């Protein structure tokens, strides 16, 4: 099975795809940079405060710091499964780091899977997205019907700081600034795939499973 970098604009549904894979009992190991950073942001420390403030603005954190977090995450996961990277790499420099590490560890180089949605759809999803503070399940406001309790575990429903209007536009700018460069790199290596982010969730996960099962 292939190793995959899940890529898409904010709100494209990367986390949802990962959860759907889990429900299908597909074996994989996940490194989610967003979740790693959100966990750090909860800490009552100088680092926690720095991460909280940076994420609230929709900015990117220091490249070296993020890369070290990725390396740590890679050391801790089961590399006999397919690896799914979410939130790293986000620049061509980071792509080169991933390729170098995977080569040195005799891991198959990852393919890029881009979840394609319009900016308008992305903004709509982000502004109405809520997340459980306990189990991290994502919901749309319409699904909650006014409730502030998670439909899955009963935890408190919150809005992520980086989903607030003041951060959304900045996140888009940063994403599209890097995307075309990264896309060109993976296309030139025949390691680029797209999934239509507007098809149904079951259809999206089927497309991802097909890519995972492709032979190198």
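Each residue, glycine too, has its Cβ placed from N, Cα and C.
Copied from TrEMBL, the annotated features are:
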- 11, 12, 13, 14, 15, 16, 129, 199: ATP binding site (BINDING)
- 32-61: region 'NMP' (REGION)
- 38, 59, 60, 61, 87, 88, 89, 90, 94, 160, 171: AMP binding site (BINDING)
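A map of TrEMBL features onto the structure.
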residue : record           : Cβ neighbours (10 Å)
11      : ATP binding site : 24
12      : ATP binding site : 23
14      : ATP binding site : 20
15      : ATP binding site : 20
16      : ATP binding site : 17
38      : AMP binding site : 18
94      : AMP binding site : 20
129     : ATP binding site : 18
171     : AMP binding site : 21
199     : ATP binding site : 11
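Across the region 'NMP' (32-61), DSSP classifies residues as 21 helix, 1 strand, 8 coil. Long-range Cβ contacts of the region 'NMP' (32-61) within its own chain (Cβ-Cβ under 8 Å, at least 6 residues beyond either end) map to 15, 18, 69-70, 73, 85-88, 90, 136, 160-162, 164, 166-171, 174.
Classification of residue 13 (ATP binding site) by DSSP places it in coil, neither helical nor stranded.
Here the C-alpha separation of residue 171 (AMP binding site) and residue 15 (ATP binding site) works out to 17 Å. Residues 38, 59, 60, 61, 87, 88, 89, 90, 94, 160, 171 are the ones the record ties to AMP, and the longest Cα gap between any two of them is 25 Å.
With respect to their backbone Cα atoms, residue 38 (AMP binding site) and residue 13 (ATP binding site) stand 17 Å from each other. Between the CA atoms of residue 89 (AMP binding site) and residue 129 (ATP binding site) there is a gap of 24 Å, rounded to the nearest whole number. When Cβ atoms from all protein chains are considered, those within 10 Å of residue 60 (AMP binding site) total 17, not counting its own. Residues 11, 12, 13, 14, 15, 16, 129, 199 are listed as the ATP binders, and the farthest two of them sit 18 Å apart at their Cα atoms.
The Cβ of residue 89 (AMP binding site) has 24 other Cβ atoms within 10 Å, all protein chains considered. Here the candidates are the binding-site residues 60, 87, 94. The one whose C-alpha lies nearest to that of residue 13 (ATP binding site) is 87. Over the region 'NMP' (32-61) the predicted model carries a mean pLDDT of 88. Nearest by CA distance to residue 16 (ATP binding site), out of the binding-site residues 60, 87, 94, is 87. Ranked by CA distance from residue 129 (ATP binding site), the binding-site residues 60, 87, 94 have 87 at the top as the closest.
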